[in-house]
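Let me begin by presenting the structure, written as structure tokens, before commenting on it.
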Amino acid sequence: MTFLEKLRCLFTFGQGVALPMPELDEDTTPLELFTKWFNEANQSGVLLPEAMSISTCGADGQPRSRMVLLKEFDEQGFVFYTNYSSDKHQQLTENAKISILFHWGVLQRQIRIEGSIEHTSKSQSEKYFHSRDRGSQIGAWASHQSQVMTSDDELKENVKHFTEKFKGKDVPLPDFWGGIRVIPHYFEFWQGRASRLHDRLCFDLKNNETKIFKRHP
Ligand SMILES: Cc1cc2nc3c(=O)[nH]c(=O)nc-3n(C[C@H](O)[C@H](O)[C@H](O)COP(=O)(O)O)c2cc1C
């Protein structure tokens, strides 16, 4: 974001700035456009630009959404890390389809990515797990993510237990914890515009071909 755009954002009370859609040539990939927008979100000063909502839907047909952090992305897909015993993972076991949503209000931008999931390799999960601070590593062992708590002290007691257990040692990667990679088959880039005439640029990657089109806003 340029200095002038930042000023404009300030004087419109955070309503943001409507940036133009970039010029695309026929070889532009959705990953290139995602990378450009993600970099611009990082430069905009927005808090946690890597925060994304993920929606999953298990066998009961009830969709659920929650925020996670995007940790890696490349041609292989979009990776976040979580507890494999969590509710989200249970839903993904029943139905491997997922939808990701980013919203960067200050840029008036939204990106939707739809796809299916696979697990990251153990070595990739291990590498990321050990890059986290020790407190977060112990926290991963202590939290039975999504399970109902039996008492307010349960988490604290678990932290104490695992702190003692791993004292003086490296904290190992729990076998119930690791990465999930979203392999995308649909991208939609939404750019806010005046008079609600927003841009919606879509890339459909199904059946080994890329269809690029726009939708009415
Ligand atoms: C900004 C933000 C980032 C988060 N990042 C993660 C994350 O990367 N991984 C994760 O498992 N939970 C993360 N959480 C917590 C999840 O939103 C959620 O509460 C948790 O994963 C349990 O979800 P589930 O019960 O639907 O599985 C984050 C929450 C917020 C608000």
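Note: Cβ is positioned from N, Cα and C throughout, glycine not excepted.
Marked as FMN binding site by TrEMBL: Arg66, Met67, Val68, Leu69, Leu70, Lys71, Tyr81, Thr82, Lys88, Gln110, Gln145, Ser146, Trp190, Arg200. Counting only same-chain residues six or more apart in sequence, the Cβ atoms lying under 8 angstroms from the Cβ of Lys71 (substrate binding site) belong to Glu50, Val79, Phe80, Tyr81, Tyr128, Gly179. Lys71 (substrate binding site) falls outside any helix or strand according to DSSP and counts as coil.
For Ser136 (substrate binding site), no same-chain residue 6+ apart in sequence has a C-beta under 8 angstroms from its C-beta. Per TrEMBL, substrate binding site is recorded for Lys71, Tyr128, Arg132, Ser136, Arg196, Leu197, His198.
For the domain 'Pyridoxamine 5'-phosphate oxidase N-terminal' (43-161), the DSSP-based tally of helix, strand and coil residues reads 39 helix, 43 strand, 37 coil. Residues or ranges marked as domain 'Pyridoxamine 5'-phosphate oxidase N-terminal' by TrEMBL: 43-161.
According to TrEMBL, the feature domain 'Pyridoxine 5'-phosphate oxidase dimerisation C-terminal' maps to 177-207. Residues of the same chain lying 6 or more positions beyond the ends of the domain 'Pyridoxine 5'-phosphate oxidase dimerisation C-terminal' (177-207) and with a Cβ under 8 Å from any Cβ of it are 16, 18-21, 24, 29-30, 33-34, 37, 54, 71-72, 76-84, 89, 92, 98, 100, 108-120, 122, 124-125, 128-129, 140, 213-217.
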Inset, instruction - Any same-chain residues 6+ apart from Arg66 (FMN binding site) with CB under 8 Å of its CB? Would you list them in sequence order, or say none? - result: Ser53, Ile54, Lys88
Inset, instruction - Filter the candidate list Arg66, Leu70, Ser136 of binding-site residues, keeping only entries whose CB is under 6 Å from an atom of ligand 1. - result: Arg66
Legend entry - Cβ atoms near Lys88 (FMN binding site) (within 10 Å, other residues, all chains): 23
Inset, instruction - For Arg132 (substrate binding site), just count the other CB atoms lying within 10 A of its CB, please. - result: 14
